[in-house]
Amino acid sequence: MQVKDSNPPDGGYGWVVVVSAFMVMGLTVAVLKTFGLFFVEIQKHFDELASTTSWITSVTVAVFHLGAPVASSLCVQYTHRIVVITGGLLAFSGMALGFFGLNMIWMYATTGFLQGLGISFSWTPAVSIVSHYFSKKRALANAIASAGECAFAFLFGPFFQWLIGQYGWEGSLLIIGGIQLNICVCGVLMRPLASSCLLEASHCETETPPGSSASRRGKGDKSPTMHKTFNWMLVRRTEFLLYAIFGILAAMSFFVPPLFLVPLSYSLGIDESWTASLLSILAMVDFGGRLLCGWYANFHVTKTIHLLAMTITLISTSLMLLPLANNYLSLAIFTGFYGFFFGTTVAIHITALADVVGMPEFDSALGLFMLIRSTGGFVGPPLAGLIVDMAGDYRAGFYMAGTTLVLSAGFLIILDRLQQRKKRGSKIGTKPEKSMLPYPSLHILKHQ
């Protein structure tokens, strides 16, 4: 099989990769987003507080982020394909072992740690390989791939509710784990580009004729491509640090609404069947927001960082308004606003990261960004759960999430100002120097 061009093809087999990533997003993050349906069931089964039960999601989110740099490094050594397949097996193991439901510690270790590691090993390489396959259409490709979690969450809401009713929460976990094995099939379809094969030909999925110029070039370039797998020095770049702080604050908020939306609806006396439909509404408008924002960003009319700051501000506003709902209709409307603006944010935040650090450092930046952002995902759900326990009202968790997102938008504004100042400085530094000769006559003599 011929080695592919190292330049992003912006199409062709890349769309197969996008569809595979679409499926991976659905079988990982969509499961995490709809886990709120299990929250009340597990809480009742073990008779625990909301803050204690929320640690299951907290561990999942934290490990999901903490495993990202490991997944990025493994992608370099063993290709994206192998890492995704490994992630599928880990995700299955976490859910299948959670079926036994021995105690809360067991749940932290299985549906928390193992599931989080499986999500990390599946999600990280899926996002990374899509960005490698696309350049001009990167925003649109990322938006389509990320929309997988919305499409699946739309179906998973009522489906998981039905599973719990039929098989209980323990049996439902086992079935969901079996479904997640399809991640392995998606991984097989993620054929690496030549540019992402950084090791010897024996470690790559593509083959090169022994006497070809590409083969000779590969031997000569072997040592430079193997010397670096992960760039930790990105933490010294102010722009990356500002974006990472934004990520921490955003992660503290993003996983709170899906976690407490179901308990909030129960507290308002809404029937279980209607509650499940809220998650479907959330997924549907989220899907539309991602595709619309990805399509718009593809025209490069608005700077990505500006677009991201606007969508974050709109999310925080909708979260502040959502607790005002007092019946199903109003809750569904505010949930729709939140879901749409959340979708627009997720569609472009990875593209914005690529713009901040550049594609040569993107793999390292993605893993490091997820690692740093893990602190927010780890602290957010338990903090919100603690606030809910203290206030005795699930609305308090939404107010906490909205406030944190407002703070995160501030760091995006600071980052944009810094980029603009550096851009102005570079323009001044690259202006063509005027003749150093003080007199016109000497200037003419010089050109003669």
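Heads up, the Cβ atoms here are built off N, Cα and C, so glycines get one too.
Annotated transmembrane segment per TrEMBL: 12-35 (among others), in sequence order. Within the same chain, residues 56-57, 60-61, 64, 84, 87-88, 91, 111, 115, 118-119, 122-123, 126-127, 129-130, 133-134, 141, 144-153, 156-157, 160, 176, 179-180, 182-183, 186-187, 189-191, 255, 258-259, 279, 283 sit at least 6 positions outside the transmembrane segment (12-35) and bring their C-beta atoms closer than 8 Å to a C-beta of that stretch.
Under the heading domain 'Major facilitator superfamily (MFS) profile', TrEMBL lists 14-420.
Residues or ranges marked as transmembrane segment in TrEMBL: 55-76 (among others).
Per TrEMBL, transmembrane segment is recorded for 83-106 (among others).
Per TrEMBL, the feature transmembrane segment maps to 112-133 (among others). Long-range contacts of the transmembrane segment (112-133) within its own chain (CB-CB distance under 8 A, at least 6 residues past either end) are made by residues 8-10, 13-14, 17-18, 20-21, 24-25, 27-29, 31-32, 55-68, 70-72, 74-75, 80-81, 83-84, 86-95, 97-98, 141-142, 145-146, 180, 183, 186-187, 190, 192-193, 195-196, 350, 354, 359, 362-363, 366-367, 370.
Look at TrEMBL and you will find 140-160 (among others) tagged as transmembrane segment.
Residues annotated as transmembrane segment in TrEMBL: 172-190 (among others).
For the transmembrane segment (240-262), same-chain residues at least 6 beyond its ends with a Cβ under 8 Å from one of its own Cβ atoms are 32-37, 39-40, 54, 57, 61, 65, 234, 275, 278-279, 282, 312, 315-316, 319, 322, 335, 338, 342, 345, 349, 352-353, 356-357, 365, 368-369, 372-377, 379-381, 383-384, 388, 394, 397-398, 400-402, 404-405, 407-409, 411-412, 414-415, 418. The transmembrane segment annotation in TrEMBL covers 240-262 (among others).
Here TrEMBL flags 274-293 (among others) as transmembrane segment.
Through the fold, the transmembrane segment (305-325) approaches residues 250, 253, 257, 264, 268, 293, 296-297, 331, 333-335, 337-338, 341-342, 344-345, 348-349, 352, 355-356, 395, 398-399, 401-403, 405-406, 408-409, 412-413, 415-416, 419 of its own chain, all at least 6 residues removed from its boundaries and within a Cβ separation under 8 Å. Residues annotated as transmembrane segment in TrEMBL: 305-325 (among others).
Same-chain neighbours of the transmembrane segment (331-353): 127, 131, 138-139, 142-143, 146-147, 150, 243, 250, 254, 257, 261, 264-265, 268, 270, 277-278, 281-294, 297, 304-305, 307-308, 311-312, 314-315, 318-319, 321-322, 324-325, 362, 365-366, 369, counting only residues six or more beyond its ends whose CB sits under 8 Å from a CB of the stretch. For 331-353 (among others), the entry in TrEMBL reads transmembrane segment.
According to TrEMBL, the feature transmembrane segment maps to 365-384 (among others).
The feature transmembrane segment is assigned by TrEMBL to 396-415 (among others). Beyond the ends of the transmembrane segment (396-415), by six or more residues, the same chain brings 239, 242-243, 245-250, 252-254, 256-257, 259-260, 264, 305, 308-309, 312-313, 315-317, 319-320, 322-323, 356, 380, 383-385, 387-388, 390 to within a C-beta distance below 8 angstroms of the stretch.
Sequence-distant residue pairs (6 or more apart) of the transmembrane segment (140-160) and the transmembrane segment (365-384) include fewer than 3 whose Cβ atoms are under 8 Å, leaving the two stretches without contact. Same-chain residues lying 6 or more positions outside the transmembrane segment (172-190) and placing a CB less than 8 Å from one of its CB atoms are 16-17, 19-21, 23-24, 27-28, 31, 38, 80-85, 87-89, 91-96, 98-99, 111, 118, 122, 125-126, 129, 160, 163-164. Sequence-remote contacts of a segment are chain residues at least 6 beyond its ends whose Cβ falls under 8 Å from one of its Cβ atoms, and for the transmembrane segment (83-106) they are 24, 27-28, 31, 42, 45-46, 48, 52-53, 55-56, 71, 74-75, 112-126, 169-171, 173-174, 176-178, 180-184, 186-188, 190.
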